[in-house]
Amino acid sequence: MMILWIMGKAYLSKEIRDVCINFDRRIKEIKSICKPDIALPKGTLILPGAIDLHTHIRGLKLAYKEDVVSGTSEASYGGITLIGDMPNSVPFVNTMETITAKLREFEYYSRVDYFVYSGVTKDLKKVDKFPIAGYKIFPEDLEKEETLEVLKSMKLKILHPEVPLALRGNRKLRLNIWYEIGALYYVKGYQNVHITHATNIRTVRLAKELGFTVDITPHHLLVDREKECLTKVNPPIRDTNERLWLLQAINEVDTVVSDHAPHASFEKQQPYEICPPGIAALSFTVPFILTLVSKGIISIDRAVELISTNPARILNIPYGEIKENNYANFTIIQFKDWRYSTKYSKVIETPLDGFPLRASIYMTIIQGKVGSLEGEVFPVKGINPFGENK
């Protein structure tokens, strides 16, 4: 593989400085002077490649909602260089056969690096040996016997925090915040547990108190209640007061995820009571977090922790920092004004459309190759860092 030099302002060792980075698939050397193969324009900043722990790329029999090419292209467009895919596709991904099918689909078509989660499984001994990142525990799983065995796995366990009772009866039950908070006690005492898409500051603080890592989503911060199917999501959007409190948690959570959950337009146009929940804005997260930096709400140090360093630490993989021997994945950004819209996803309408942002993605580099440049995505081949195809 060709070894390249890139020169520009970069964030490394908690400093922004002018550097030259030498890389192929991994970072080889960092120094101050070089003859660059890629010279970046003024106003750009090289960050460690951004990571999204929670997406639903769909594919398989749900490819009409989103497929691997469209979903991972949207990721690269939005500065995400590594994504984690949830198992609730069709077929459900929790057996050797379905995991193999999902991994094969990503291996052939993914335009960013990727990893997958298994659902709770009765075949834990075999599934645990597969190149997966861990397990997703849904509310209905908290009543299953096999979940107790999954919780003992050394791999990462990601919990959707709602008690099983929240699934029964009227949707208004889900608006009870204690149904979310109570779910954390089901997994109390277990190791390597991550709480995803917390919707209120109580959940965040309890998660930290119990020794878990935790994330939030941009839409739980920004979207104003559930008014129609476009804003319907699980766990539900909270009221304005709760969302303002949740914004305070931006300095307490470990990472921010998209929970990209695409559905076809005809599905989201169904009546609110029966339409599927989910907001699909995979490319929003990184520009939004960097917009918070531009506005002085968080520091650049905190931003890099949220989108790169902390998710890599949670996964225990060589990403998230610009240092020798880490994978050569970079998110290169510019601070400039624009209004959000999706570009490559099959979802063309989100409740975040038109949101004013102050940061955009100039380029992504994935496995040492240019994955996107000024909005145009290229067909690079992503890898599974948990797999054999490193």
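Numbering starts at 1 and runs along the chain as it is shown here.
Placed from the backbone N, Cα and C atoms, the Cβ positions cover glycine too.
Spatially close to Asp259 (active site) yet at least six residues away along the chain are His54, Thr55, His56, Thr196, His197, Thr217, His219, Val233, Gly278, Ile279, judged by Cβ distances under 8 angstroms. Taken from Swiss-Prot, the feature active site applies to Asp259.
According to Swiss-Prot, the Zn(2+) 1 binding site annotation covers His54, His56, Lys136, Asp259, on the basis of sequence analysis. In the three-state DSSP scheme, Lys136 (Zn(2+) 1 binding site) falls into the strand class.
According to Swiss-Prot, the substrate binding site annotation covers His56, Ile57, Arg58, Asn88, His263, Pro277, Gly278. Neighbour density for Pro277 (substrate binding site): within 10 A of its CB lie 17 other CB atoms from the protein chains shown. Mapped onto three states, the DSSP output places Pro277 (substrate binding site) in coil.
Positions annotated as Zn(2+) 2 binding site by Swiss-Prot, on the basis of sequence analysis: Lys136, His160, His197. For Lys136 (Zn(2+) 1 binding site), the same-chain residues that are 6 or more apart in sequence and have a Cβ closer than 8 Å to its Cβ are Met86, Pro87, Asn88, Tyr117, Ser118, Gly119, Val120, Ile158, His160.
If you look up Swiss-Prot, you'll see Lys136 marked as N6-carboxylysine.
Counting only same-chain residues six or more apart in sequence, the Cβ atoms lying under 8 angstroms from the Cβ of Arg58 (substrate binding site) belong to Lys65, Glu66, Asp67, Gly71, Ser89, Pro262. Shown in sequence order, Lys65, Cys275, Pro276, Gly278, Ala280, Val347 are the residues of the chain, 6+ apart in sequence, with a C-beta less than 8 angstroms from the C-beta of His263 (substrate binding site). In the three-state DSSP assignment, the secondary structure recorded for Asn88 (substrate binding site) is coil.
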